[in-house]
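Feature list (source: TrEMBL):
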- C97: active site, nucleophile (ACT_SITE)
- H194: active site (ACT_SITE)
- E196: active site (ACT_SITE)
- 221-415: domain 'GMPS ATP-PPase' (DOMAIN)
- S249, G250, G251, V252, D253, S254, L255: ATP binding site (BINDING)
Amino acid sequence: MITSNNKIIINNNCCDTYRILVIDFGSQYTQLLLRRIRELGVYSETYSFWNADISKISNFNPNGIILSGGPHSIVNNSYPNIPNALFTLGIPILGICLGMQIMAYKLGGTVKNIVLQREFGCSEIMLLSDNVLIKDIYDYIDDDTGYPIIDVWMSHGDVVTVVPDGFNIVGVNKNQQVAIMINEDKNLYGIQFHPEVTHTKKGKNILERFIKEICCCVSSWQINNITKDIINKISITVGKTDQVLLAFSGGVDSLVTAILLHHAIGRRFICIFIDNGLLLDNSISNRVYDFCIKHYNFNIIRISAEKRFLDALIGITNPEEKRKIIGRVFTEIFSEQISNLVSIKWLAQGTIYSDVIESGMSFSVFKNVIKSHHNVGGFTGIKNIHLLEPIKYLFKDEVRNIGLNLGLPYDIVYSYPFPGPGLAVRILGEVKKEYCEILRKADSIFFEELHRHDWYKKVSQAFAVFLPVYSVGIQGDQRKYKWVIVLRAVETTDFMTANWVQFSYDFLCIVSNRIVNEVEGVSRVVYDISSKPPATIEWE
Ligand code: XMP
């Protein structure tokens, strides 16, 4: 499909015959929910509630709909509205937390605020009767009552006090408040807890019940099918003669995009790799670049543009402004290159689904607080060139699995992520060449020691950060004021939450000594012991 701004959307609808739509009310767990559904082998997408009109939903043709949680309250009347017609489409609907409350309210039930009985954290639900959604799913039987109990995770200040006509109360919490309400005839289900978080131990089973038994979906969203399907779609979309230009950042996403193109259209594509001077010596971009030249002999135009980027960043301290400037200069350089390549009809990008969601282009009510990703939408509207985004609907873990499926080495596919704006978001405040050089050296030492001490593969992401503050140190007999380096290392599966890594003191001591002794300009090394949330993984 070609849209008005020349965008090509490759819908992955061969292996997604079965599909679930998540209507997002601004929940911080929406991405997690989508991933859980896809882990069950069923394709899922999310539309923000304000973007979810009936015709759009019908076009998506979901087998089931999930209404997400969210930060709003029905009670103060600022709740996100959805069309009533949603409930008469005949499509099974599962409302989660706020999603259940909205369902109850819209169908004539009552929702009230419960100041003194709010629940944030673990809770227990007593199952009062059987239903296909929860049949035989429980954690234990309560000795006193004989009722099955499930351990769940809740986060709510409102409850449904009166369920709409036709609904049964199937589960209650310890305060006898509605925790599960079901209208079996209409296939409408509401749960007050979050099945997508791991603290709800049986959450995945409940989601599976809804998706497979109630919505009758079959697992067809499998890496093998997805890979073949995307290759097939690219070759049909691009045709037999057109040339493609790939914006090649050198990350896993653009590497996988390049390999998919290679399988789909052979050598009819050129990669442009812009070295913005904000890369690391060991960063994935440089390794991927070498790998592609050596193993695939890809046609890669490498443009060294360090000065142009650093000049554009002079005096800029705001992180989002830095990101935007880098995105702009990137687009400018790219456009210049494209104008030199007259035969190019397509511009391919390795945009992935979390880039789209986090850039707030479509979905989240939290869009203002999430970092912008410069590869989303950056090149739209270039005359006579269509944008091709073959992995736009995939999450990172799916992209990695496709990479492995295509035979890429594990070490490259599982390299630490490196942000598009590179060192600019690891140098706090203004970016200077001198700072980049110090940071590169410090990072290389950290990287070497992680490998030497067998930590590299145990850690999800690790890097050094440059703090532009002078701290006193002693060299010889002299007090000298020099810069501070922060070491950051996290363990995470989805990069949405992360724990800091508990290295041994000996290891930290080795890295710190080496950096202070070997990197001119550094007097102090500190280790970041903040988890995400509340901190983020990057410092800016
Ligand atoms: P945060 O800092 O948001 O990072 O916890 C989560 C993951 O995203 C990466 N990251 C970025 N990647 N452009 C990118 O391409 C960015 O602006 C950006 N900011 C953060 C970060 O390295 C981590 O893996």
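Just so it is clear, glycine is given a Cβ too, placed from its N, Cα and C backbone atoms.
Please treat TrEMBL annotations as automatic predictions, because they have not gone through curation.
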Give the number of CB atoms, excluding that of S249 (ATP binding site) itself, located within 10 Å of its CB.
27
Given the ATP site residues S249, G250, G251, V252, D253, S254, L255, which other residues of that chain have a Cβ within 8 Å of the mean position of their Cβ atoms, reported in sequence order?
F248, V256, T257, I284, S285, V288, G350
Compare the Cα of G250 (ATP binding site) against each of the active-site residues C97, H194, E196 and report the nearest.
E196
Run through C97, G251, V252, L255 for me and report the recorded positions whose CA is within 10 Å of the CA of H194 (active site), in sequence order.
C97
Does the residue listed as 'active site, nucleophile' have same-chain partners at least 6 apart in sequence with Cβ under 8 Å from its own Cβ, and which are they?
S27, S68, G69, G70, M154, S155, H156, I191, Q192, F193, H194
What average pLDDT does the predicted model assign to the domain 'GMPS ATP-PPase' (221-415)?
86
Taking only same-chain residues 6+ apart in sequence, whose CB is under 8 Å from that of V252 (ATP binding site), what do you get?
I284, V288, K396, V399, R400, G403, I412, V413, S415, P417
Suppose we draw a 10 Å sphere around the Cβ of H194 (active site). How many other Cβ atoms does it contain, all chains included?
23
Which entry in the list of binding-site residues, G250, G251, has its Cβ near the fewest other Cβ atoms, using 10 Å as the limit?
G251
Show which residues of the chain containing S254 (ATP binding site), separated from it by at least 6 in sequence, have their CB under 8 Å from its CB.
L246, A247, F248, C271, V288, Q349, G350
